[in-house]
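For C14, C17, H44, C47, the entry in Swiss-Prot reads Zn(2+) 1 binding site. The Zn(2+) 2 binding site feature in Swiss-Prot is assigned to C37, C39, C60, C63. The transmembrane segment annotation in Swiss-Prot covers 249-269, 274-294, 300-320, and the record cites sequence analysis as its basis. As annotated by Swiss-Prot, zinc finger applies to 6-70, with the evidence given as sequence analysis.
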Amino acid sequence: MTDTAKYEKSSARCWICYEEYDKKLCSLSNDSWRRPCRCSLIAHESCLISYITRSGSTRCPQCLTAYRIAKPPKEKSWAVNVLGIGHSLEAGLAQVTFGVGSCLGITKFIYSIFKQTGIWICKQVADESSLIEMLKKPVFSSVVLPLLPCMLVRFYEAPPYDIAFSLYTHFSIYSCAEKISNTSLLLCTLPWVRSLYKELMTRIFDGIVIGADGEFEDSETDWFRQFEAQVEHRNQVEDVNEREDTESEFWILLSVAHVFLDAFTTKILRIVRPILLFPLAGKFLGRFIPGNFTKLEKSIIGAFAALVFKDIFVYGFIAWRKRKPWSIRILDNPRRVSDS
């Protein structure tokens, strides 16, 4: 065993299956011979794999040299590779198509809702003949109509530092009309008038307008916190054994209803309110405006007047709330009063 050259020339056998090494047969056989260690022990590759699988050892039993194990090379035909690539592309395209189709379906649904809402708004403030002429223009029917509800929401909020969106919509309206009229000029000046109006109201009410909506919400929150504090104080004073389950359930339902109504009014109605009420208020108040104005011009002036009346009412109510804060009373338990 010490003379390696003599061992290789005389009788080289697989140390696992004891088959003799034949160089001619080795070139014809698919099972190649391996010499993975330093002690010149050779073996078939299949025999080595079987030995490693059965014993769980990856070292030579004689010299304890660790075998170098590598993944076999992939020997697939081009047809199999093409089928694999096609299967991967099919799965990927199915996922992408489903995602894109879902997004397009949701977008189309929202777009149709906004477009129908825009048509309803135009019917409230414009004549039918002028509306038919405007709908014949592709830019107006496909771009401007879906933007009208968004324009009303932006104009209703109307921060002085963000009027680009409203200006874009207004310019789209009169560019589709292919002429500059009094109505188009009035539409273009609405954001600037709203900004000046906001600044004027701020000067008049001396700080009441600034953060009025947030202050109103804070006052409502303080009101509810005061309400909860009194309820908690009452529950602490009362004896736990004398509480009735119906009363506790009533206060829980009242708290849940208040939270739900608060979320509904502040989130949903804040968006729906200007879209629905703004055109209707303009249509109603526009009837009382004298002069040779068109229906659309009267509707715009009436809507702006409704906005002014709304702001005056809200700011006046907030000023009154500041001077006369609300107070809440929780009545005592009638049973406890009679016992005392």
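The backbone N, Cα and C atoms fix where each Cβ goes, and this holds for glycine too.
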Problem set entry | the zinc finger (6-70) [mean pLDDT, rounded to integer] | 70
Problem set entry | Among C14, C17, which are binding-site residues, the residue with the most C-beta atoms within 10 angstroms of its C-beta | C14
Exercise. Which whole-number value in Å describes the distance between the Cα atoms of C47 (Zn(2+) 1 binding site) and C60 (Zn(2+) 2 binding site)?
Worked result: 13
Exercise. Within 10 Å of the Cβ of C47 (Zn(2+) 1 binding site), how many other Cβ atoms can be counted across all chains shown?
Worked result: 19
For this session: Counting other Cβ atoms within 10 Å, pick out the least crowded of the binding-site residues C37, C39, C60, C63.
Result: C63
Seminar exercise, completed: For H44 (Zn(2+) 1 binding site), the number of neighbouring Cβ atoms whose distance to its own Cβ is within 10 Å equals 21
For this session: Enumerate the residues of the same chain, C14, C17, H44, C47 excluded, that satisfy the criterion Cβ within 8 A of the mean position of the Cβ atoms of the recorded Zn(2+) 1 site; list them in sequence order.
Result: W15, I16, Y18, E19, A43, S46, L48
Problem set entry | C17 (Zn(2+) 1 binding site) and C60 (Zn(2+) 2 binding site), distance between Cα atoms, whole Å | 15
Seminar exercise, completed: H44 (Zn(2+) 1 binding site) falls, by three-state DSSP, under strand
For this session: In whole Å, note down how far the CA of C37 (Zn(2+) 2 binding site) lies from the CA of H44 (Zn(2+) 1 binding site).
Result: 13
